[in-house]
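Novice: Could you have a look at this structure, given as structure tokens, before my questions?
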Amino acid sequence: MAPASKADKKAAGDVAAWMFNVVTSVGIIIVNKALMANYGFFFATTLTGMHFATTTLMTIVLRWLGYIQASHLPLPDLLKFVLFANFSIVGMNISLMWNSVGFYQIAKLSMIPVSCLLEVAFDKIRYSRDTKLSIVVVLLGVAVCTVTDVSVNTKGFIAAFVAVWSTALQQYYVHYLQRKYSLSSFNLLGHTAPVQAASLLILGPLVDYWLTNKRIDHFAFNFPSLVFIILSCTIAVGTNLSQFICIGRFTAVSFQVIGHMKTILVLILGFLFFGKEGLNIQVVVGMIIAVFGMIWYGNASSKPGGKERRSHSIKHGSDSSQVDDKV
């Protein structure tokens, strides 16, 4: 049997990365829902700080084992990334509290066009007509699935605006930093996780008190709730790592588009675990449209001209330039 080609190996790695991200992302949503619904642990920002503290411990172990090598990430770039990431976390929590579920879902969907705008502006990416249309189909399908009542107020709109742009910038910056400084997913996480953990564990209890009017030091911790918190933190290690792996292998836009498969899986699992009221003909039709759009996007963006970077690199003493590098 002939050895697997480089393209086959890359395809297998891409599928494994997506599956890793989908499984851990859906798993942590289910665990966190159970933690909040069954035990009343509504301290989402502080819990995220715990997630990054656990991830920091993982990076320390990996560095000790030799999987993380010495690397450099300038402090201004590190602080900029952490600022975007923390605004994303806090902004999403506030947006969910201040907005209707429908407008919250619309805000999340708008991250795809915002991510496209960032790629066009900073990376000079060009999208083919089919690629653009496939993105529209994905957005339509997910909107049919998830958007119900839509109401918005001024402060809710501002929170959603901050959440969307900070999330898009954070995801773009993951790809940018990995390319610029030749950082692996492990190395980048080793730089960012400790700073995020420290900042969120300090600010998290204050933000959670502001959002819920509850203090985490008054929470009645017991063995079952601690088990779920530990499980959530353990899964979060995989979620954080898989996000960096996926964005490093692809781009923020591709991560967002195919990432909506997680929304579909959450709806299906919600139906299986929490009853039939979450599934109706509207949701089923939306799922079919979204999955069709994701398949179309994968096919359209992989074709020549589907999604390309235009770059002009003038060599010393020459007028030659390189144009239309496929991404």
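Cβ from N, Cα, C; glycine included.
Whatever TrEMBL says is automated annotation, not expert-curated.
The shown structure was predicted, so the numbers you read here are calculated from the model rather than taken from an experiment.
Straight out of TrEMBL:
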type     : residues : note
DOMAIN   : 23-297   : domain 'Sugar phosphate transporter'
REGION   : 303-327  : region 'Disordered'
TRANSMEM : 15-35    : transmembrane segment
TRANSMEM : 41-66    : transmembrane segment
TRANSMEM : 78-96    : transmembrane segment
TRANSMEM : 133-150  : transmembrane segment
TRANSMEM : 156-174  : transmembrane segment
TRANSMEM : 186-207  : transmembrane segment
TRANSMEM : 219-241  : transmembrane segment
TRANSMEM : 253-275  : transmembrane segment
TRANSMEM : 281-300  : transmembrane segment
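Describe the structural context of these features.
Specialist: Sequence-distant contacts of the transmembrane segment (41-66) (same chain, at least 6 residues past either end, Cβ-Cβ under 8 Å): 32, 35, 89-90, 93, 186, 189-190, 193-194, 196-197, 199-201, 203-205, 207-208, 211-212, 214, 216, 219, 225, 228-229, 232-234, 236-237, 239-241.
Under 8 Å from some Cβ of the transmembrane segment (133-150) lie the Cβ atoms of residues 100-103, 105-106, 109, 112-113, 116, 127, 253, 257, 260, 263-264, 267, 282-283, 285-294, 296-297, 299-301, all in the same chain and six or more residues away from its ends.
Through the fold, the transmembrane segment (156-174) approaches residues 80-81, 84-85, 87-88, 91-92, 94-95, 98-99, 103-104, 107-108, 110-111, 114-115, 118-119, 122, 188, 243-244, 247-248, 252, 255-256 of its own chain, all at least 6 residues removed from its boundaries and within a Cβ separation under 8 Å.
With a cut-off of 8 Å between Cβ atoms, the residues of this chain six or more beyond the transmembrane segment (186-207) that come close are 43, 45-50, 52-53, 55-56, 59, 62-63, 67-69, 71, 73, 78-79, 81-82, 85-86, 89-90, 93, 174, 177-178, 215-217, 240-241, 244, 248.
Packing against the transmembrane segment (219-241) from elsewhere in the chain are residues 20-21, 23-25, 27-28, 31-32, 34-35, 38-41, 43, 47-48, 50-55, 58, 185-186, 189, 193: each is 6 or more residues past its ends and has a CB under 8 Å from a CB in it.
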Novice: For the transmembrane segment (15-35), what are the same-chain contacts with Cβ under 8 Å, counting residues 6+ beyond its ends?
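Specialist: The answer is 41, 44, 47, 225, 228-229, 231-232, 235-236, 238-239, 242-243, 245-246, 249, 258-259, 261-262, 265-266, 269, 273.
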Novice: Under an 8 Å Cβ to Cβ limit, what residues of the same chain, 6 or more beyond the ends of the transmembrane segment (78-96), are close to it?
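Specialist: Result: 44-45, 48, 104, 107, 156, 159-160, 162-164, 166-167, 169-170, 173-174, 177, 191-192, 195-196, 199-200, 203, 207, 211.
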